[in-house]
């Protein structure tokens, strides 16, 4: 059960903090590592080696930097990968080169207990084919590809344009989005992990993109050796043609029970308590 696990967030900026907020809302123990902001941030931080030693799940949310005291290029090298706890889940949704992918192949073959979820890959758009079968969930750098995310970006440009033109921004971001889905939540107790997973998959089932990724990259490359070229490997094509998923906020939950489930708003769902 996720609530019994300790999750480490490497990189506590906007994305990492959002992940931490969701996990903490669900009651998960979260540890943070971010040497760049720790001196000016009131939250508690620990060293990376301490985080690796303590955490059952590690999620990476750092920019890629090649030089300096806190460079992140190959932050997870062979030594750090080998130091992961037994059964650790390692998630990378930031930049592929934060993990040495060649070392990752070597360590994963030696330690199948480590579980991998990769949205980003060293050498994109040409991921190492040997790595893909070793990964539990694989996607083509689409973690940020949500409809709400696109709408937020468009709305920010709209607001800036209206400011430059000296006009009132009288449109709302919700006008850019389809209407909310409504789901009646009738519970006598806090939804368990299985129920939350069902809700999440109702909005977006990650397994679909995982299946498409493997089929596109592995199956197509075996049939067509030219598929590895920069312009013809399917990776960029999958990103370009990705059907943008909705976020949790697209789901309006109507609570008809008597339990206190307002904490679900911290996961991003809409409508709780209304």
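Cβ atoms here come from the backbone N, Cα and C positions, even for glycine.
For the NAD(+) site that Swiss-Prot gives as 34, 144, the extra residue drawn from 56, 119, 168, 170 is 119. Residues near residue 144 (NAD(+) binding site) in space but far in sequence (CB under 8 A, at least 6 apart, same chain): none are found.
Around the Cβ of residue 95 (active site), a 10 Å sphere holds 21 further Cβ atoms from the protein chains shown. Note on proximity: of the recorded positions 34, 95, 119, 124, the one nearest residue 141 (active site, proton donor) is 119, by Cα distance. Between the CA atoms of residue 145 (substrate binding site) and residue 119 (NAD(+) binding site) there is a gap of 11 Å. Around the Cβ of residue 34 (NAD(+) binding site), the same chain contributes 10, 11, 12, 13, 16, 41, 45, 62, each under 8 angstroms and 6 or more positions distant in sequence.
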